[in-house]
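Taken straight from TrEMBL:
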SIGNAL    1-20  signal peptide
DISULFID  Cys24-Cys91  disulfide bond
BINDING   Cys24  Zn(2+) binding site
DOMAIN    24-143  domain 'NTR'
DISULFID  Cys26-Cys118  disulfide bond
DISULFID  Cys36-Cys143  disulfide bond
DISULFID  Cys145-Cys192  disulfide bond
DISULFID  Cys150-Cys155  disulfide bond
DISULFID  Cys163-Cys184  disulfide bond
Amino acid sequence: MTPWLGLVVLLGSWSLGDWGAEACTCSPSHPQDAFCNSDIVIRAKVVGKKLLKEGPFGTMVYTIKQMKMYRGFTKMPHVQYIHTEASESLCGLKLEVNKYQYLLTGRVYDGKMYTGLCNFVERWDQLTLSQRKGLNYRYHLGCNCKIKSCYYLPCFVTSKNECLWTDMLSNFGYPGYQSKHYACIRQKGGYCSWYRGWAPPDKSIINATDP
């Protein structure tokens, strides 16, 4: 078993069935949390893959062409390979070779980058403009804030550094509007609040529960 799997949080029954891995369940994470809690965040294209005989199902090693790094400059300034479980039932990630650019997040162990279905991985062309802006600037500003998940009403923030994340209450579920269009950023007054806009955030938009 590869090292990253030991840190994967397998909670509840949040199924990633869209990925074809019914046995892999993960706690949903806002892209900002995924960004702030990852060692490495990059945009890359997969140019090759190789199956290594490690663990019960093997390890898939993808060769990538790194386009841009958003986080991880001190951990691993240039990533050439990413490692994941070969089995989707163990949250292994399946990526297309020579087809798409991906936004990839992951952890570093023994000089190697590991990722999987419980990490935030998305085709670059599927990201919203707000998510791309978050990667470049906004998510970093909110790493000292806490995004509090709300699964059932009523939900409340309990401190000024929290933003209430309510995507899971929507009929459309996760990922929802807050995931796609908002970042939780600390404002001038010391409060964290959801932010979406073109100008730098300021205290005039403080609201811990909106949108």
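Quick reminder: no glycine exception, Cβ is built from N, Cα and C everywhere.
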Fewest Cβ neighbours within 10 Å, where candidates are the disulfide-bonded residues Cys36, Cys91, Cys145, Cys184, Cys192: Cys36
Residue among disulfide-bonded residues Cys24, Cys91, Cys118, Cys155, Cys184 with Cα closest to the Cα of Cys36 (disulfide bond): Cys184
Candidates Cys118, Cys150, Cys163, namely the disulfide-bonded residues, that fall within 10 Å of Cys91 (disulfide bond) by Cα distance: Cys118
Among Cys24, Cys26 [disulfide-bonded residues], residue with fewest other Cβ within 10 Å: Cys26
From Cys24, Cys143, Cys145, Cys155, Cys163, Cys192, the disulfide-bonded residues whose CA lies within 10 Å of that of Cys118 (disulfide bond): Cys24
Spatial neighbours, same chain, of Cys155 (disulfide bond) - Cβ under 8 Å, 6+ residues apart: Lys148, Leu164, Thr166
Fewest other C-beta atoms within 10 angstroms, as judged across Cys118, Cys150, Cys163, which are the disulfide-bonded residues: Cys150
Counts of helix, strand and coil residues, the domain 'NTR' (24-143), according to DSSP: 25 helix, 48 strand, 47 coil
Minimum Cα separation from Cys26 (disulfide bond), reported as the residue among disulfide-bonded residues Cys143, Cys150, Cys184, Cys192 that achieves it: Cys150
Other CB atoms, at most 10 A from the CB of Cys143 (disulfide bond): 16
